[in-house]
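**Q** Okay, these came from Swiss-Prot:
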ACT_SITE  D7  active site
ACT_SITE  E67  active site
ACT_SITE  D139  active site
BINDING   D7, D139  Mg(2+) 1 binding site
BINDING   E67  Mg(2+) 2 binding site
Amino acid sequence: MRILGIDPGLRTTGFGVLERHGHQLVYVASGTIKSDGNADLPSRLKTLYDGVSELVRTYRPDCASIEKVFVNVNPQSTLLLGQARGAVICGLMSGNLPVFEYTALQLKQAVVGYGRANKDQVQDMVVRLLNLEGRPGTDAADALGVAICHAHGGETLAAMAGLAPQLARKGLRVRRGRLVG
């Protein structure tokens with residue numbers, strides 16, 4: 001299975017492509033899509049959409065995983081990130097890809113084993129897990145991390161999160177990937 005991971009951002013969007021063969025992960029590509037900070041917002045969003053659409057055409061992934069938006073201290077920044085994320089998701093959907101979403105906590109838990117890991121720890125583990133010769137930038141590393149998260153059972157986490165309302169009605173919830181009462 002080929003997975004395209006995305007770390008969305010208005011200025012810089014990271015991407016990472018990997019393949020899962022059984023339990024083995026194989027690095028394919030990573031990098032960033034940059035929008036011109038001097039351009040108007042619609043032009044910047046189009047740059048992201050076009051860039052992601054091109055990644056889908058070039059790498060032909062089976063699915064995509066993307067980091068969920070967090071609420072920033074600055075509401076304006078959160079809104080801009082949400083718009084960038086929307087443009088990215090539309091680019092992914094241009095290829096009719098299934099899109100899976102993960103929180104930063106889920107990503108860090110899957111990659112480092114600790115949900116409060118810092119960016120350096122994520123980068124270091126991405127290098128180790130994918131046997132990379134060089135260290136990817138933080139945006140590309142986060143994108144590879146969200147792809148790793150999906151490859152390591154993220155589908156199960158996403159399905160369990162989708163069941164949360166039904167479980168809550170029965171007095172149950174999912175905590176740390178486990179069903180608790």
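The backbone N, Cα and C atoms fix where each Cβ goes, glycine too.
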**Q** Using Cβ atoms only, which residues of the same chain lie under 8 Å from D139 (active site) while being at least 6 residues apart in sequence?
**A** D7, G9, T12, T13, G14, T32
**Q** If I restrict to non-local contacts, at least six residues apart, and a C-beta distance under 8 angstroms, what lies near E67 (active site) in its own chain?
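**A** Spatial neighbours, sequence-distant, of E67 (active site): I6, D7, P8, E101, Y102, T103, A104, L107, D142, V146.
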**Q** What number of additional C-beta atoms lies within 10 angstroms of the C-beta atom of D7 (active site)?
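**A** Here the count is 25.
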